[in-house]
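> Dropping the structure in here first, questions after.
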Amino acid sequence: MQVLHPSMLIAPPNTNENIMNEQKSFHDTSFLPCQSKIPLEFIWPDHEKPCLTPPKLHVPPIDLKAFLSNDPQEISNACSKVNEACKKHGFFLVVNHGVDNKLIAQAHKLIDDFFSMQLLEKQRAQRKIGEHCGYANSFIGRFSSKLPWKETLSFRYSNDKSCRIVEEYFVNVMGEDFRQFGSVYQDYCEAMNKLSLEIMELLGMSLGVGNNYFREFFEGNESVMRLNYYPPCKSPNLALGTGPHCDPTSLTILHQDQVEGLQVLVDEKWHSIVPKDDAFVVNIGDTFMVWFTLLQGSIKWDIQELFA
């Protein structure tokens, strides 16, 4: 579901072809994997290029089922790990999360199905300038240099039980043939919504404000689901799937496929997060980091006052 600290994905290498279609490649990313010399607009400056052999980041796995079991020791262990991870870099994993593996597999398959379609088909969901939802490749119109080597499809989810907003979006934009497509992602978003609220309980407990503090605040949330596709690249040392960035949101929940690429900047060095089929990567964003900092500060201030 919706990806404080910058992360990037590096496109893997693939096949070869000449550059006669460079201009077209900006719009039709089916040409991107075939570039023997990638267009200058996709080349990043040396100081922003990825580390091709990064050290692995220690990202603690949190057993969510154990945390939700009401076992005091399990709750204490999970809260301690999350608190430490949030202070260090803002990333942790959740395992035993309860999301159906078949649903996850379906979601990944449909990503492949969508991005393998012809460009004209995908452009039925074309993102309009100034909007956050829809199909986009290389963010045409937003940047003229340092373009990301990727395609994306984004859509909104609202925790409104009166409608199936995701399913309706795909039917309205792509047609009735995409109802099943939209139904799968409706179910996936609902599973992510449930998971995100459980993670909010964990974050509330780790900060000492109780499990309902953040859960109640985010109960009626709206979020953005983003499907990212990074075409193979002949020169992965020059391009980036996604450039260095901070997530402005409260929470990002990411499921990776088996192509390693996510990197996190910790202590001025890029580290990789290895993909795990049975885990979701959780990143607390800038919005939540402000809360985290303020609550840490207020709790410390209260203790100082008590013992003044």
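Note: Cβ is positioned from N, Cα and C throughout, glycine not excepted.
Model, not experiment: these values are computed from the prediction.
Below are the features I grabbed from TrEMBL:
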type: DOMAIN; residues: 220-308; note: domain 'Fe2OG dioxygenase'
> In the predicted model, what is the mean pLDDT computed over the domain 'Fe2OG dioxygenase' (220-308)?
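That stretch averages a pLDDT of 80.
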> With DSSP, how much of the domain 'Fe2OG dioxygenase' (220-308) is helix, how much strand and how much coil, in residues?
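DSSP classes over the domain 'Fe2OG dioxygenase' (220-308) add up to 21 helix, 26 strand, 42 coil.
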